[in-house]
Amino acid sequence: MKITIFGTGYVGLVTGTCFAEAGNDVLCVDIDEERIEQLNDGEVPIYEPGLEDMLACNMDEGRLRFTTDAAEGVAHGQFQFIAVGTPPDEDGSADLSHVLAVARTIGEHIDDYRVVVDKSTVPVGTADRVHAAILEAMEARGVDVAFDVVSNPEFLKEGAAIEDFMKPDRIIVGAENPAAVALMRDLYAPFNRNHDRLIFMDVRSAELTKYASNAMLATKISFMNELSNLAERLGADIEEVRRGMGSDPRIGYHFIYPGCGYGGSCFPKDVQALARTARQAHYEPELLDAVEAVNHRQKRHLVRRIRHYFEDNLERRTFALWGLAFKPNTDDMREAPSRVIMEALWDAGARVRAYDPEAQDEAARLYPDEAGLELCGSPYDALEGADALIICTEWQVFRSPDFDRMRRLLSEPVIFDGRNLYDPEKMLAAGFVYYGIGRGESVDTLI
Ligand SMILES: NC(=O)c1ccc[n+]([C@@H]2O[C@H](COP(=O)([O-])OP(=O)(O)OC[C@H]3O[C@@H](n4cnc5c(N)ncnc54)[C@H](O)[C@@H]3O)[C@@H](O)[C@H]2O)c1
Ligand SMILES: O=c1ccn([C@@H]2O[C@H](COP(=O)(O)OP(=O)(O)O[C@H]3O[C@H](CO)[C@@H](O)[C@H](O)[C@H]3O)[C@@H](O)[C@H]2O)c(=O)[nH]1
């Protein structure tokens with residue numbers, strides 16, 4: 001099948017590459033010339049495990065191509081995927097300008113039946129706006145070509161994106177026209193072999209399913225973070241509580257890890273956008289607001305602990321920080337808790353020696369002139385002479401480090417662990433002052 005993908009970010013690149021891997025003829029379009037040039041040279045602009053090899057292999061086989069030529073893109077694919085960004089606007093609502101720009105482009109060039117598939121995360125009603133934008137551009141040209149607009153939200157997780165796309169839990173398709181339903185079923189047949197993972201529904205329900213899923217997951221995390229703060233005050237250990245709760249299959253073990261807050265390009269913006277949608281529909285989203293507020297507070301939790309420990313004087317102190325990315329196995333630092341923590345430390349006059357296996361280039365790009373940031377060659381380099389270690393991301397390499405070496409390198413053996421990687425009792429026995437999240441040590445005077 002011939003497929004065009006608009007947008008070569010995390011979603012567009014993974015979608016395009018995986019469809020090509022299934023034997024389709026895929027053309028990816030982006031307005032970012034530098035990015036397309038890089039991709040045509042075989043360079044992958046993001047870190048996503050498995051992507052580079054799969055992309056190279058499909059480019060070699062001629063099934064995957066990249067261009068900035070939107071007209072060529074519209075001419076190519078019977079399926080026109082929209083996978084461009086929908087960043088938050090100032091009021092928290094989703095900025096649809098990129099999505100609607102692609103819709104207009106399709107309307108300007110369409111000359112045969114097309115299924116326009118919206119893969120970007122967009123508020124309920126966006127498919128209608130995409131439809132109207134295509135129609136308007138077609139009418140301006142005086143042409144009338146049949147097309148369908150379908151909602152097909154994406155559920156991949158960064159760091160596991162290829163696996164999530166190739167073996168999805170479910171494929172949600174919102175489509176009204178039976179012809180478009182049939183085409184979408186054929187398109188996804190290779191990813192739908194053992195159980196039927198395709199769930200068809202009306203377009204608006206599909207659009208809402210995406211926000212509902214992300215908001216539910218974010219709610220689980222904020223709930224656990226709220227409980228972790230309570231556990232600290234009550235002298236309980238949230239890790240024991242988590243194990244106890246997770247063993248109930250109605251609750252489950254997934255997404256109940258307390259930490260230094262959720263980040264990334266999706267949960268923060270999608271919770272806010274859904275709350276905004278609710279307000280526009282004259283509904284007060286009390287739970288969603290609380291999920292967001294708890295997360296905002298949680299990202300500052302370790303900073304309060306650190307301030308408390310150092311008696312509110314961080315001037316000229318140096319902190320080692322492990323993990324810049326918002327989660328392991330990605331180089332993405334969008335909304336990462338590490339950023340909130342580093343920025344607060346810099347504001348207080350401290351310096352940060354940071355290490356991340358993949359996100360250091362991104363940190364250098366985000367903070368080019370920050371004198372308080374030093375990017376280090378290894379986790380141990382970062383510790384040299386630091387007053388304490390702060391852990392923001394649970395990369396595998398941080399799970400079983402050489403604690404003796406760490407103690408020797410740190411000028412004070414103090415660890416603020418935002419991901420509960422270690423056993424507090426063992427850390428105490430190893431001579432560390434160790435603070436996790438929700439583990440029976442309260443700094444409630446400061447919270
Ligand atoms: N990142 C994720 O893990 C993830 C997962 C599921 C859904 N989503 C959703 O998918 C969408 C895309 O997310 P992303 O993280 O891939 O975004 P991204 O910011 O990484 O990439 C978006 C790309 O679209 C390109 N673009 C913008 N306007 C364009 C246009 N008119 N024509 C062609 N290309 C254009 C940009 O240059 C950029 O390369 C968002 O709505 C997001 O919420 C993201
Ligand atoms: O128990 C948990 C699980 C996750 N997190 C944090 O939550 C954030 C998001 O993690 P994750 O969901 O694994 O990553 P994303 O790549 O942002 O994926 C989410 O957002 C995507 C974009 O919409 C969706 O497609 C995915 O289904 C959804 O999981 C990260 O900061 C994690 O550290 C926790 O704090 N505790």
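Placed from the backbone N, Cα and C atoms, the Cβ positions cover glycine too.
Counting only same-chain residues at least 6 apart in sequence, those with a Cβ under 8 Å from the Cβ of CYS266 (active site, nucleophile) are THR121, ASN214. Secondary structure at CYS266 (active site, nucleophile), as computed by DSSP, is coil. Marked as active site, nucleophile by TrEMBL: CYS266.
THR121 (NAD(+) binding site) carries neither a helix nor a strand DSSP state and counts as coil. What TrEMBL records for ASP30, ARG35, THR86, THR121, GLU158, LYS269, ARG334 is NAD(+) binding site.
ILE256 (substrate binding site) carries neither a helix nor a strand DSSP state and counts as coil. Residues annotated as substrate binding site in TrEMBL: PHE155, LEU156, LYS157, GLU158, LYS210, PHE255, ILE256, TYR257, PRO258, GLY259, GLY263, LYS327.
Annotated domain 'UDP-glucose/GDP-mannose dehydrogenase C-terminal' per TrEMBL: 320-424, in sequence order.
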On average, residues of the domain 'UDP-glucose/GDP-mannose dehydrogenase C-terminal' (320-424) score a pLDDT of 97
Reduced DSSP state (H/G/I helix, E/B strand, rest coil) at ARG35 (NAD(+) binding site) is helix
Sequence-ordered, the binding-site residues among LYS157, LYS210, ILE256, PRO258, GLY263 whose CA is within 10 A of the CA of ARG334 (NAD(+) binding site) come to GLY263
In all the protein chains shown, the tally of other Cβ atoms within 10 Å of the Cβ of PRO258 (substrate binding site) is 28
Across ARG35, LYS157, LYS210, LYS269, ARG334, listed as binding-site residues, the smallest other-CB tally within 10 A is for LYS157
